[in-house]
């Protein structure tokens, strides 16, 4: 008789990480699908495209209230936790130099995957590249105490918030002075002109994205280059880095693994959700009242980070309670399978979406509203949920995870689950 471990669920001590990772990678699609399907300017201003009915409006509102930035926040925390988990394991089995060598090889291939994801699979909002860049630096902080990691994270968030305040007041001064004409007026027009929000620019973007693969590449590549250079160094690496630091600290404290008391996670969920939802709801109402103009978007940046951090922690608390509750074991197993194949599923989402929305595929770019996009998302979710379960019944790793591990180890590792005969 042949028997095999189905490998839908990983070892018990990792179940919380895999389930949260699975939810995060599915949740990220809820945000990213709009980036595949709509003009870039519509991501910050829903009046530009994708909101043509009350259902579309509420789909946008719900996504921005609860999901935008928060799933990436969870993903970032898990990546930070994985730095500790991975290096500790290798240091215990071998030594610190072996752990360093393995980690840097692994991170280098993640960087390569990010470049492929951005410039070949045409994903403008790739997170693999910035995660890898941040990982190289955070490796050297892995042995700090949890309190020190939290302090650094909070310092980064505070500095980002202070810079947002400063930037907003500078822009307000330019805007107000522009009314009198002269150099300030030209400066303000240059700022607005750089946003790519004119109707002519949006129409040009739509036509390009509904064109050939080459048209898509020419449109996306300059934006990706900007994101992976200037924006990465001035904003994004600090944004994801602060959440990774919290993930590293929370792993050391046992928070992210679900090791704290039930009352701890209840308080974390209630406090985080209450603060985060209040801030996000206030920001969204304000943006709506100002018709999402540029200055109002900059003003909400002043509180955006606090709302994101609070809501991310609230969601972490809520998910930890869900994981600890003895219900829906089959569903949790499926989510864990999605999480074990998070990299494969993340890249798969891109492949599916570019063929649905871009011109060289089904050419549905700028054709669907936000509510319809959520229906497409649910179909992708369903496919990935069951695909992950079935795949891991036969294979030890997701396909990209297997490639990543093989490249890192510099040898082809076994992919199929080995069967053992029992009499």
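Backbone N, Cα and C atoms are what each Cβ position is placed from, and that goes for glycine too.
The stretch that TrEMBL tags with transmembrane segment, taken from the ranges 213-230, 231-248, is 213-230. Check TrEMBL against the ranges 171-195, 371-395 and you find transmembrane segment recorded for 371-395. The transmembrane segment annotation in TrEMBL falls on one of the ranges 1-19, 20-38, namely 20-38. Outside the transmembrane segment (58-87), and at least 6 residues removed from its termini, the chain residues within Cβ reach (under 8 Å) are 17, 20-21, 23-25, 27-28, 30-31, 34, 46, 50-51, 99-100, 102-103, 106, 127, 131, 135, 138-139, 142, 240, 243-248, 250-252, 256, 276-277, 280-281, 284, 304, 308-309, 311-312, 315-316, 369-371, 373-374.
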